Amino acid sequence: VKPANKVTCVVTTPCESLRQHLSLPTPNFDRMLLAQRQLGAARVNGRSAAPMVARPARRNLRCEARKVALLGAAGGIGQPLALLLKMNKFVTELALYDIANVVGVAADLSHCNTPVKVSAFTGAEELAACLKGADLVVIPAGMPRKPGMTRDDLFNINAGIVQNLVEAAGKNCPQAVLALITNPVNSTVPIAAETLKKLGVYDPKRVIGVTSLDVVRANTFVAEARGLDLKDVDVPVIGGHAGATILPLLSQATPAVTFTDEEKRAMTDKIANAGTVVVEAKAGKGSATLSMAYAAARMAESTLLGLNGEPNIYECAFVQSEVVPDCPFFASKVLLGPQGVQKVMGLGELDAFEKAAFDSMLPQLKAEIQKGLDFVKKASA
C-alpha cells in the first residue's frame, strides 16, 4: 500500500543514507556524489550550457513519501541498483519486479536495516500490482550485452521487453517518471514514447533515457588523466548512449582542462567504448553492471530530488528534445523538476573537434531513433 501523499520525511543531506551505512565522512562523500548535479542556472552566453557551481549542503529537507518500482530487479544491474535504492532515504517503498528469482532478492534486501519497505512481484500477472502508485519506474530489464555484441544486436530481444513493461506502466502509473536503462537506449526511449502515445498518456517530461554512466566515466577518466579531485570534475556528455553517438564535451569540462587533438580523440574513444572494455574483461560473464547501477542510482536520486522540488538539479539524459533539428531525441543536460524534465538545456559552444564528431555521429543516432519508432509502428500494424 502506498503511503499517503501527506506523509513526509526529514533528510539531513541527500546522500546521508549511503554515508551512514558505509561509515563515510559527511562533507567529502556528499560533495563527491552530488557536486556534478549541484548546478546553477545556465549561462546564456557562456561556453557551457549549464555550468557547475557550488551550493550549500541541504539541511532538513522535507519530502513526500515516494514509491519506486524497479523492473528487472533480479538481474545483473537490478540487484546492486536495488541495494542502492534500499539505502536511499528519498525512497519509502521499493517494489521489485522480474520474471523469476526476485523473491529471494527482496528477502535478502529486507534484512538491511533501513526503513525502505521492500516487496517482490514475479511474472506478468503481478506486474500491475508492482506498478500501482509508483512515482518513479526504473527499467534495467532485458538481455545484457555479451562479447562481440553491439547495443544494436540487443534490439530484437529488448525492444519487445521494453514495450511490454512501458505499456504496463502507462496503464497502471501513467503519472510516474520512467527511467530507461535497457539498451539500446537510443531506440528503447523512442519505443517507450510511441507506446505511451498509443495509450494517450505520453508526457515527454516523464520519459528519461539514463545516460549518466557516460558522465560518470567521463568524470573519472578526465580526473585520472589530469590528476584532479573527482568531486570537482563535471564533463557534459551529449548525443546518445551507444558507441560513436556518445560525445563528451571536453571543452566544457569543469574545471577547464586542455587536451591536444590526439588526446581528445583518445579520451573520447575511451569514454565511448568503455562499456565494450568491461564486456570483454568479464569474458562473457556480464556487462557493466556495477558502474551502471551506481550511475542509475545517481540518476534516480536526482529525479527524486527534482520531484520533491529541490531546485537546480541537472543531469545529462536522453530525452525528447528540440536542441538538434530533425533529431527528436537527444542527450544533453536537463533540469529536473516536480514533473520530471523541467527544461532541456542547449549544447553550449563546441570546439572544432566536437563539431566534427557531432556531425559524424548524427546520422547513426537518427537511424537508431528511427529504428525504435518503426518497431512500434510495425508492432501495431
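Cβ from N, Cα, C; glycine included.
Residues annotated as active site, proton acceptor in TrEMBL: H241. Counting Cβ atoms from all protein chains shown, H241 (active site, proton acceptor) has 31 others lying within 10 Å of its own Cβ.
Counting every protein chain shown, the Cβ of T182 (NAD(+) binding site) has 29 other Cβ atoms within 10 Å. Under the heading NAD(+) binding site, TrEMBL lists G72, A73, A74, G75, G76, I77, G78, D98, N158, I181, T182, N183, M292.
According to TrEMBL, the feature substrate binding site maps to R145, R151, N183, R217. Its own atom aside, the Cβ of R217 (substrate binding site) has 22 Cβ atoms within 10 angstroms in the protein chains shown.
The residues of the domain 'Lactate/malate dehydrogenase N-terminal' (67-209), classed with DSSP into helix (H, G, I), strand (E, B) and coil, number 65 helix, 28 strand, 50 coil. For 67-209, the entry in TrEMBL reads domain 'Lactate/malate dehydrogenase N-terminal'.
The domain 'Lactate/malate dehydrogenase C-terminal' annotation in TrEMBL covers 211-375.
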Item to check | Distance from N183 (substrate binding site) back to G72 (NAD(+) binding site), taken between C-alpha atoms, in Å | outcome: 13
Checklist outcome for this item: Expressed in Å to no decimal places, the gap between the Cα atoms of H241 (active site, proton acceptor) and N183 (substrate binding site) is 8
Checklist entry - Roughly where does the domain 'Lactate/malate dehydrogenase N-terminal' (67-209) sit in mean pLDDT, to the nearest integer? => result 95
Checklist entry - Which ones in the same chain are close to A74 (NAD(+) binding site), with CB under 8 Å and 6+ residues apart in sequence? => result L96, D98, A100, N101, V102, G104, V105
